[in-house]
Amino acid sequence: MPLHHYRPPPNHGGITSTPQQQVTHQPPAMDVLSQLRHQLADYTNSLHRDGFLDDQFSQLQQLQDESSPDFAMEVVSLFFEDCQKLVTNMARALELQAVDFKQVDSSVHQLKGSSSSVGAARIKNLCVAFKTCCDSQNRDGCMRCLQEVNRECVLLKNKLQTLFRLEQQIISAGGSIPM
Amino acid sequence: MESCNCIEPQLPPDELLSKYQYISDFFIALAYFSIPLELIYFVKKSAVFPYRWVLVQFGAFIVLCGATHLINLWTFTIHSRNVAIVMTTAKILTAVVSCATALMLVHIIPDLLSVKTRELFLKNKAAELDREMGLIRTQEETGRHVRMLTHEIRSTLDRHTILKTTLVELGRTLSLEECALWMPTRTGLELQLAYTLRQQNPVGYTVPIHLPVINQVFSSNRAVKISPNSPVARLRPLAGKYPGEVVAVRVPLLHLSNFQINDWPELSTKRYALMVLMLPSDSARQWHTYELELVEVVADQVAVALSHAAILEESMRARDLLMEQNVALDLARREAETAIRARNDFLAVMNHEMRTPMHAIIALSSLLQETELTPEQRLMVETILKSSNLLATLINDVLDLSRLEDGSLQLDLGSFNLAAVFREVINLIRPIASVKKLLVTLHLAPDLPEYAIGDENRLMQTLLNVVGNAVKFSKEGSISITAFVAKAESLRDPRAPDFFPVPSDNHFYLRVQVKDTGSGINPQDYPKLFTKFAQSQSLATKNSGGSGLGLAICKRFVHLMDGHIWLESEGLGKGCTAIFMVKLGIAECCTESKLPAATKAGMNHARTDFPGLKVIVMDDNGVSRMVTKGLLVHLGCDVTGVSSGDECLRLISQDHHVLFIDVCMHDGYEVARRVHEKLTKRHERPLTVALTANSDKATKDQCRRVGMNGVVLKPVSIDKMRSVLSDLLEHRILL
C-alpha cells in the first residue's frame, strides 16, 4: 500500500496550544477591553477547534445571567471534583489483581455523562475508548486510558482556569460576560 | 179349308232344331232383360258416370232386342196375327233404337277413348311422383345419417375417437365392406395407413404421396371413384371375384393458422388425409350420387372436428405450460424473498458488527495520533486512519445504498445555510485539488436563497461525491462549480423526458453544474455510470480507487429530493460536466446558527419561558444534574434535583408538572412506573421525560412501555429544552 506523504493541516494562524501567547496583530488605538475580548474570543475558538470543548460548553455559558453569573464556573468545578474522585476510584480498582471491570465501567459511564454534560469533548471521546477497553477486559488498555484521562483532565483544568481568568479580567475592566 | 189369320212359319218345323232355337231365344231374352237391370243397378251405384242417357239408350235397345227374341218364341208354332204384329212392332222399334244408338256411339266412343288416355297419363304421373317421393325419402335419410354421423363425430374432442367414429358410422350407414384413412407422415412425402374399419391394428403401410391417383383425389373436393387396384385400395386380399367400387375423398387437415380473423378458412392448406371407401364385393351395388354427397359432407365435418380437437390440444398444452411456469415463478419468488430476507438479516448484523470495530479502530487510531510518535510511526498511523476512514465510508455507502434501495431511507429535513454547504465542500476538496494543481472555482448566483430547507448532510454528500469525481478524473486544469436557481425553461433536460419539475411557491430548484477538464466520458459508458459497482476500465481510473457506488448513491439521494442528475461529456479527453437539480424548500427566516462562539443569550425573555413550572430532575450524576437544573432554572422553572429513586418518590406529588429521569440509572424505569402507580389520575399526573445518552429503538420502546411521555437525548441545549417543554405542555407527549 503506498504511503501518502503526511501533510499537517494548514495552520490558520492565531493561537495554538500554549495559552499565554498574545494576539499577533495589535492595532495601536485598540481599547484594552476590546483587546481582552478578542483574546477571549480567540482563546475560546481555539479550545473549540482543538476539541477541548464543544457546543455543550457554550450552552453552559449561555445559562449564565444576572442571578447565576458563575454558573459555568460552578459546574466546571464540580465536574473536576467529580473527575478527580472517579479517577482515584478507577486507579484503585485497576491496581487490584482481580480487577472489577464492572465497577470501572460504571465509573467510566459516570465520567462520560459528566463530561458530556459539561462539554468536555476530548474527555468524552476518551471515555468511549475507555469503555471499549473495559468491555474487552483489557487491563493494560484501561490503565493507559486512565492515564490519558488524567492527563486530559489536568490539561482541561488549566485551560479553563485561563479562560475564566480572562473572563474575570474583562469583568474587572468594566465589560460583561457574555459578550 | 178356311183361311185362318194364323201365320205359318216359312219352313216346316223341324222338331229338334226348333226346340233348340226356342231354348236359345229364351235365354237370350233372359240375358237381354237382365243386362239392363245390371247396368241400371251399377250405374245407380256409381255416382260419376257422365253418359247416363246413353245407358238408357242402350237399355232400351237391349230391352227391345230381348223383347224381340221373346216374342220370337211364339212364332215357332202357329201363331195368330196379333203376335206377328207385336213381333213386327218390336222389331221395328228395336231397329230404330239400335240405329239411334249406333249413331250415338260415333260421338261417344272417341270421348271414351280419350278418358282412357288421360287415365294412363295420370297413372304415369303417379308413378313418377312415387319415384320422386322415394328419392326425397332417400335424401332425407341420407341427411339424417349425415347429422347423426356429424353428431357422433363432433361429440368428442379426441382425435382418435373422431376418426374411428367416422369410419364406423360411415361403414354402417353405407354398408361398406372396408373403410380406411390414410394420414400424411411428418415428412409429408408419404401417406400412412392410420385407421381401418375391419382390421384392428393396421400395420404401417405407406404409399408415396405423389401417385397420380392420389393427386387426382387431392385436387378436387369431391368424392372421386378410383380403381380398386390402386395401391390405396388394395388393403386386404380380395374376398370375392369382383371387387366393389371404391371411392376416395380428401380430408383437409386444418391448422389454427388457416382461420383468419374475418375470413373463412382458406383451403390453401396442403395437408390432406385420404379416406377410401369400398363397397362390398360381388354385389351389384353402385355408388349413388347421394352417397357420394354424404361422403363429401362427412369428410368436411371430419376436417372441422379434427381442427377443433387440435385447438383443444393446443390450449390444454398451453395451459399445462402456464401452470408449470406459474409453479416455477412461485418458486423463484419464494427464493427471491428468502434471499432478500437473508440479505436484510446479513445487513442488520453487519450494520452493527462492522461498525463497532470500525469505530474502535478509528477512535484508537485518532488517539494514537495524539501521542508522541516518531515521524515514521506517524506516517503509519496516518495511513491506518486514512484506510479505516475509507473503509468506514465504504461500509456506510454500502449500507446506505441498501437502505436507499429498500426505500426505508428518509431525508432529514432541516433548515441550513446553502452557501455554507458549498464552502465546506470546497474546503474539503481543496487539499487534494491543490496537490493535483487543479484550480477550483465556485460561483453562487446572487439570487440563491441564503437558507434553504432540505437534507443538508445528503446534499453535501452528493455535492462532495460529484466534485470528488471531478477532481479524481482530472489530471490537470480546473474545476468550476456553479450554482443557481433553475428557471422554468431550463428545468427540462432532453435526456430525461420523464422529469417534469414543477416549481411552486415554497420550493425552488437548485441547479448545480460541476465542470471539469478531465478525461471525459466515453459515450458507450454512459448507461453504466450510475450503475452500482460498475466502473469503466480506462487506464486513467486505474489508480483512483473507489467502489463505484458514489454516483449510484448520489442518484438515489437526488431522486429522493425530487430532482435529477446527469452527466454531459463531449467524449474522451474533452472533460465532463456533472449537472444535478434538486428541489429545496425556501426558508422563511434564518434559524439557529451552529457557531461555537457564544451567542447573545436572550437574557430578558429566558426567565419568563415557563414561569412557575415545577420540575423534578432525577440524575445520580452530580454534574449532569446540576447542568440540567441550571438549564431549567434558566428557563424559569422551579426545579428540584434528586439523586436517587427513593428521594424522588418521596418528593413527587401532583403539584409537580414535569419529571426528568436519567434512565441510565439502574432504577430509572422502575421509578417512572412507581410514579405512575402512585399518581394515577392522568390529568393531574406529572409528565415524565427520559434523559438518555442513546436514542435507539430499544430505549424508546422501554420508555413507552413504562408510560413515559417523552425521550430527550443528552446533552440538552437550551433551545432543545425549550422546545421539549413547550411540546410537552401543549401535546402532553413527545415520543
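The first residue you see is number 1, and the count goes up from there.
Even glycines carry a Cβ here, placed using N, Cα and C.
Residues annotated as Cu cation binding site in TrEMBL: B:CYS65, B:HIS69. Residues near B:HIS69 (Cu cation binding site) in space but far in sequence (CB under 8 A, at least 6 apart, same chain), listed by position: B:ASP25, B:PHE26, B:ILE28, B:ALA29, B:TYR32.
Under the heading ADP binding site, TrEMBL lists B:ASN469, B:ALA470, B:VAL471, B:LYS472, B:ASP516, B:LYS532, B:SER547, B:LEU551. The Cβ of B:ASN469 (ADP binding site) has B:GLY550, B:LEU551, B:ALA578 as same-chain neighbours under 8 Å, each 6 or more residues away in sequence. Secondary structure from DSSP puts B:ASN469 (ADP binding site) in a helix.
Taken from TrEMBL, the feature domain 'Histidine kinase' applies to B:349-588. Taken together, the residues in the domain 'Histidine kinase' (B:349-588) have a mean pLDDT of 79 on the 0 to 100 scale.
According to TrEMBL, the feature 4-aspartylphosphate maps to B:ASP662. In the three-state DSSP assignment, the secondary structure recorded for B:ASP662 (4-aspartylphosphate) is strand.
For B:20-41 (among others), the entry in TrEMBL reads transmembrane segment.
The transmembrane segment annotation in TrEMBL covers B:53-71 (among others).
The annotation transmembrane segment is assigned in TrEMBL to B:83-109 (among others).
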- Note on the structure: Between the C-alpha atoms of B:CYS65 (Cu cation binding site) and B:ALA470 (ADP binding site), the distance in angstrom, to the nearest integer, is 155
- Task: Please report the DSSP secondary structure of B:ASP516 (ADP binding site), reduced to three states.
- Result: strand
- Determine, to the nearest whole angstrom, how far the Cα atom of B:ASP516 (ADP binding site) is from the Cα atom of B:ASP662 (4-aspartylphosphate). 53
- Fill in the CA-CA distance, B:LYS472 (ADP binding site) to B:ASP662 (4-aspartylphosphate), as an integer in Å. 48
- Neighbour count check, CB within 10 A, over recorded positions B:ASP516, B:ASP662; minimum at B:ASP662
- Would you pick out, from the binding-site residues B:CYS65, B:ALA470, B:VAL471, the residue whose Cβ has the largest number of other Cβ atoms within 10 Å? B:ALA470
- Under a three-state reduction of DSSP output, how is B:CYS65 (Cu cation binding site) classified: helix, strand, or coil? helix
- In whole Å, note down how far the CA of B:ASP662 (4-aspartylphosphate) lies from the CA of B:ALA470 (ADP binding site). 48
- Query: Measuring Cα to Cα, how many angstrom lie between B:ASP662 (4-aspartylphosphate) and B:VAL471 (ADP binding site)?
  - Reply: 48
